[in-house]
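Since the structure comes first, as structure tokens, the remarks are kept for the end.
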Amino acid sequence: MDSRMQYFLVQMWNVFWYTSVVFIVLLIVKYFWQRRKLYWLGYCLDGPPTVFLLGNGLIFNCKEEVLFQKMSNIVDTYSSPARFWLGPKLVIVLKTASDIEKVLTSPYANDKDDIYRFLKVFNGLSLFTTNGTMWKRHRRHVTPFLGRKYMDSYLERMKKNCIKLVEKLDNLVDKDDFDIDHSLRRCYNDIVTETLTGHNPAAQEGYLDYFIALLHEGYVLVHARMMKIWLHPDFLFDRSSNGHRQKFISNEVREFFKKSIHANKENAKRDNEFVSIYENLLQAQEKNNVIYKNDNLIDHLVTLFSASEDTTTTICSFLLVLLGMYPDVQNRVVQEIKDVIDEDIENLTFKQLTELKYLDMCVKEVIRLFPIGPYILRKLSADVNLGKVVLPKDTTVVLSFYSVQRSKEHWQKPNEFYPEHFLPEYASLRHPYAFLPFSAGPRSCPGQIFAYAAIKIVTVMVLQSFIITSKGKLKDIKVKGDISIRPIDGFNLKLRRR
């Protein structure tokens with residue numbers, strides 16, 4: 001090769017090298033320029049110290065037992081809005097009712113954050129994981145089957161399973177303290193599965209314990225992934241031991257519902273009176289083939305099951321424990337049950353459940369203290385003006401329901417079990433977004449009527465048969481978080497016959 005050719009190749013290489021460097025620099029400049037609003041907002045807002053590249057990600061690298069309390073302490077430390085950096089991701093935490101209202105009522109905050117895609121391992125394309133047009137179509141077809149129109153039909157299934165629960169609990173009367181969560185979870189698995197598919201899996205006979213344990217493990221794995229930013233990329237998580245385990249659990253959960261659907265077909269031949277949610281969705285499938293393919297039906301069943309079963313079990317467990325700690329409140333609930341229902345459980349209607357006003361106040365007070373989702377995340381599709389600051393497009397917003405529902409600004413006794421918080425004269429003076437039991441706005445939970453009914457009927461039937469006692473007071477309950485808040489030491493109580 002002559003010297004001129006060598007010179008030409010060297011020059012071409014230099015041009016390529018310099019062009020590549022300039023191109024990369026321009027890409028970096030473009031990236032930072034497009035995110036300039038995020039960086040400026042992060043600079044202006046108060047928040048914990050960051051670590052280069054990781055941001056505040058290391059905060060969440062701790063044991064499950066201390067993570068929730070650690071997060072709560074950090075949120076309490078900084079004024080609202082506060083900022084976190086999870087790697088390159090800016091997260092804004094809001095904890096005032098007015099700020100939360102502006103986000104939840106904004107048309108630009110309807111999309112769930114990308115982190116909810118981790119739930120697809122259980123829910124596929126469903127209300128939990130979809131956004132935009134697909135989410136609206138899913139919700140429009142699912143919500144009616146969870147409304148008041150269907151509650152009396154569902155109530156008959158609930159009563160039957162509650163009778164079985166009381167029989168099982170009768171064996172624990174006058175025994176040592178035990179964790180009520182185990183018995184309630186079995187009961188609610190029967191209630192929810194039968195309501196969804198028409199098939200009763202006999203969880204209260206112990207046939208579903210393996211499945212219940214798998215589902216809980218799945219919740220823990222999803223939560224662990226949410227908290228560890230190095231597990232967010234799919235290509236890393238899928239190759240991890242957690243990823244392999246979660247895939248196995250996902251397959252098992254979906255297989256359970258396929259078997260339940262098959263069992264439902266057999267049940268349908270013998271029971272033509274009860275129409276399950278699955279059967280109602282099948283009718284919708286005939287009109288909406290694109291949405292409701294077989295896999296979509298499984299997605300909806302798993303979504304409704306995982307949301308209903310865990311929510312109702314956890315809230316009802318907290319409620320029974322607190323009623324055991326506060327006997328005066330328990331006695332007042334029992335008297336109300338006698339006044340409204342007496343002992344005529346067989347003819348109990350949904351309307352009668354709605355007339356249990358003091359019990360309703362107790363349920364709401366439990367949800368205030370231990371919200372179903374203490375923090376929810378939204379991703380903004382456009383700028384949202386809070387007045388004091390503008391949250392730019394693509395910001396991840398964390399709404400701290402846990403903080404606002406324990407704020408001295410809105411509650412007379414924020415850290416006490418005080419059902420009178422929900423007396424009409426107090427509630428009417430409170431900011432409407434100071435209490436968000438099932439979120440609010442377009443993304444609010446469509447199953448809240450079903451959840452209230454399921455919690456109330458179990459409580460009614462347990463209190464009609466047993467006197468509950470629990471050790472300690474509210475301040476003694478130390479909680480941890482995964483998908484829901486739970487006591488570190490369990491839901492321990494003792495029963496005596498009434």
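Each Cβ is built from the backbone N, Cα and C atoms, and glycine gets one as well.
A quick note: this is a predicted structure, and the numbers were derived from the prediction, not measured.
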Candidate ranges 40-60, 355-375, 418-438 [criterion: TrEMBL lists as transmembrane segment]:
40-60
Same chain only, please: residues at least 6 beyond the ends of the transmembrane segment (40-60) with a C-beta under 8 Å from a C-beta of the stretch. Say none if there are none.
67, 70-71, 74, 77-79, 81-90, 92, 227-230, 389-392, 395
Around CYS445 (heme binding site), how many other CB atoms lie within 10 A of its CB?
20
